[in-house]
Amino acid sequence: MEARVAWGALAGPLRVLCVLGCLLGHAIAAPSPIIKFPGDVAPKTDKELAVQYLNTFYGCPKDSCNLFVLKDTLKKMQKFFGLPETGDLDQNTIETMRKPRCGNPDVANYNFFPRKPKWDKNEITYRIIGYTPDLDPETVDDAFARALKVWSDVTPLRFSRIHDGEADIMINFGRWEHGDGYPFDGKDGLLAHAFAPGTGVGGDSHFDDDELWTLGEGQVVRVKYGNADGEYCKFPFLFNGREYNSCTDTGRTDGFLWCSTTYDFEKDGKYGFCPHEGEHLPWPQSSSYPGP
């Protein structure tokens, strides 16, 4: 998963293993509707977005985040993301602020976490207590194991998985308020968050299950129903003379995402439905949906 001790080297295997990275380790753009922060009741202007973003992730207080402080803090944010360090609220900066990200302050400003907490031991346990429907459990297990190995290969830390009891790192997927007092915000926005090493929720990593989680290079999706239940999507696949590199609702009137499990759908007719973010909603049945 991709989503955005310090775990910065772990960002490769899953789309939103960015959260593991959080843990281990003069032109003003025209006002426009933008993403909402948790608790917002209306879209913010670009300036309002910038002030709240910098307050959340860079410690720029709302009451004193004036143009001079804003410009200096913007430069820090731009440096972190590899943008030109102008201090101006330009379009590239605004677009970067809109993108989904981890729910922790940026490492460039906070050195991973305030006061630089670290593990007081080298043998660290982890436990996966919840999964996303977007990937089969074996894929998630393997992705986390490989991500942790990236870190253990270059540090004294050693990670071992347990299946019961309290681990140093408890990994889970959840939606909105999920028990730690830091609710997610639905699709996009915050992708995930992690807690610094410590007791209780310390060390834990939580992923927003309203996101669609994939491996880093394209989707790895096991379909449900259709006439290829349990098989994997084939990307790209050909449908009506066009190639698709992800699940699509093209050809359907109900909005359900589907994919072909072979390259040429028109030749083989093998398809299934992709995991959707509202798993509680009814799935289409193959008997009533003979094909897209």
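Cβ coordinates come from backbone N, Cα and C, glycine included.
Here TrEMBL flags 1-29 as signal peptide.
Per-residue pLDDT, averaged across the motif 'Cysteine switch' (100-107), gives 48. The motif 'Cysteine switch' feature in TrEMBL is assigned to 100-107.
The Zn(2+) 2 binding site annotation in TrEMBL covers Cys102.
Annotation source TrEMBL lists Ca(2+) 1 binding site at Asp134, Asp209, Glu211. Neighbours of Glu211 (Ca(2+) 1 binding site), defined as other CB atoms within 10 A of its CB across all chains, total 25.
DSSP gives Asp204 (Ca(2+) 2 binding site) a coil state; it is part of no helix or strand. As annotated by TrEMBL, Ca(2+) 2 binding site applies to Asp168, Gly202, Asp204.
Positions annotated as Zn(2+) 1 binding site by TrEMBL: His178, Asp180, His193, His206. When secondary structure is read from DSSP and collapsed to three states, His193 (Zn(2+) 1 binding site) falls in the strand class.
The annotation Ca(2+) 3 binding site is assigned in TrEMBL to Asp185, Gly186, Leu190, Asp208, Glu211.
The domain 'Fibronectin type-II' annotation in TrEMBL covers 228-276.
Feature annotation from TrEMBL assigns disulfide bond to Cys233-Cys259 (among others). In the three-state DSSP assignment, the secondary structure recorded for Cys233 (disulfide bond) is coil.
Among the features that TrEMBL reports, disulfide bond is placed at Cys247-Cys274 (among others). Other Cβ atoms within 10 Å of the Cβ of Cys247 (disulfide bond) number 22 in total over all chains.
With Cys233 (disulfide bond) as the anchor, the candidate binding-site residues are Asp168, Asp204, His206, Asp208, Asp209, and the one with the nearest CA is Asp209. Distance from the CA of Asp209 (Ca(2+) 1 binding site) to the CA of Cys247 (disulfide bond) is 18 Å.
It is His193, among the binding-site residues His193, His206, whose Cβ has the fewest other Cβ atoms within 10 Å in the structure shown. With respect to Asp134 (Ca(2+) 1 binding site), the closest of these recorded positions in Cα terms is Cys274, chosen from Asp168, His206, Asp208, Cys259, Cys274.
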